[in-house]
Amino acid sequence: MNISIIVAMSQNLVIGQKNSIPWNIPKDLSWFKKHTIKKSIIMGRKTWESIGRVLPMRQNIVLTRQKNIKNTNVLFVNSISKAIQSALYKNEIMIIGGSNLYNQMLTSANKLYITHIEKYILGDTYFPTYDHLPWKIIFKKKIIEHEKTKNSFYVTFKILKKIT
């Protein structure tokens, strides 16, 4: 079983601001969909609330201590081990956020799927530092977002695999 993390982050490791994503990058949404479709996705409650709906064609698993949350198309669990055991798609389980879950799962992950927004963005939620761990880049593609405007910036899509 492979555990992977998928994340979009700014140059200063920001992943969120006031329980939402502080950017709108359609190619990042396509990247996210491509790499999570037909997989089990595990997220924290705040991430679930910020998304606001079930992500289709995926098994949605939400990690929470709250007992009163219900949705027939979502599995709510109270521990990471239960989330992983409950995953129907064992080939690759995707951790999709938020910050607390990323912190807990970073050392267990086999792969990181990163959208790196190459600019500094204000935020209140961060991805943990990860460059101290043994990763190897197995995919990298750089694009320009908003190319024809003065607000253009680079976005790099990367897949890192843990060196074992």
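Any Cβ shown, glycine's included, is placed from N, Cα and C.
What Swiss-Prot records for this protein:
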DOMAIN    2-162  domain 'DHFR'
BINDING   I6, V7, A8, D28, R58, T115  substrate binding site
BINDING   7-8, 15-20, 44-47, 63-66, 96-101  NADP(+) binding site
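Shown here: features listed in Swiss-Prot, placed on the structure.
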{"residue": "V7", "record": "substrate binding site", "Cβ within 10 Å": "21"}
{"residue": "G16", "record": "NADP(+) binding site", "Cβ within 10 Å": "22"}
{"residue": "N19", "record": "NADP(+) binding site", "Cβ within 10 Å": "12"}
{"residue": "D28", "record": "substrate binding site", "Cβ within 10 Å": "18"}
{"residue": "R45", "record": "NADP(+) binding site", "Cβ within 10 Å": "17"}
{"residue": "L63", "record": "NADP(+) binding site", "Cβ within 10 Å": "23"}
{"residue": "Q66", "record": "NADP(+) binding site", "Cβ within 10 Å": "9"}
{"residue": "G98", "record": "NADP(+) binding site", "Cβ within 10 Å": "23"}
{"residue": "L101", "record": "NADP(+) binding site", "Cβ within 10 Å": "21"}
{"residue": "T115", "record": "substrate binding site", "Cβ within 10 Å": "20"}
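As a whole number, the greatest separation of Cα atoms within the substrate-binding residue list I6, V7, A8, D28, R58, T115 is 20 Å. Counting only same-chain residues six or more apart in sequence, the Cβ atoms lying under 8 angstroms from the Cβ of I6 (substrate binding site) belong to F32, H35, T36, M94, I95, I96, L112, Y113, I114.
Within 10 Å of the C-beta atom of A8 (substrate binding site) sit 24 other C-beta atoms, taking all shown protein chains into account. Under the DSSP three-state reduction, G98 (NADP(+) binding site) is assigned to coil, being neither helix nor strand.
Spatial neighbours are here defined as Cα atoms within 10 angstroms of one another, and by that definition the neighbours of G98 (NADP(+) binding site) among the binding-site residues V7, A8, D28, R58, T115 are V7.
Note on proximity: among A8, D28, R58, the binding-site residues of the record, the Cα nearest N19 (NADP(+) binding site) is that of A8. Comparing C-alpha positions, T115 (substrate binding site) sits nearest to G16 among the binding-site residues G16, R45, L63, Q66, L101.
Here the candidates are the binding-site residues G16, R45, L63, Q66, L101. The one whose C-alpha lies nearest to that of A8 (substrate binding site) is G16.
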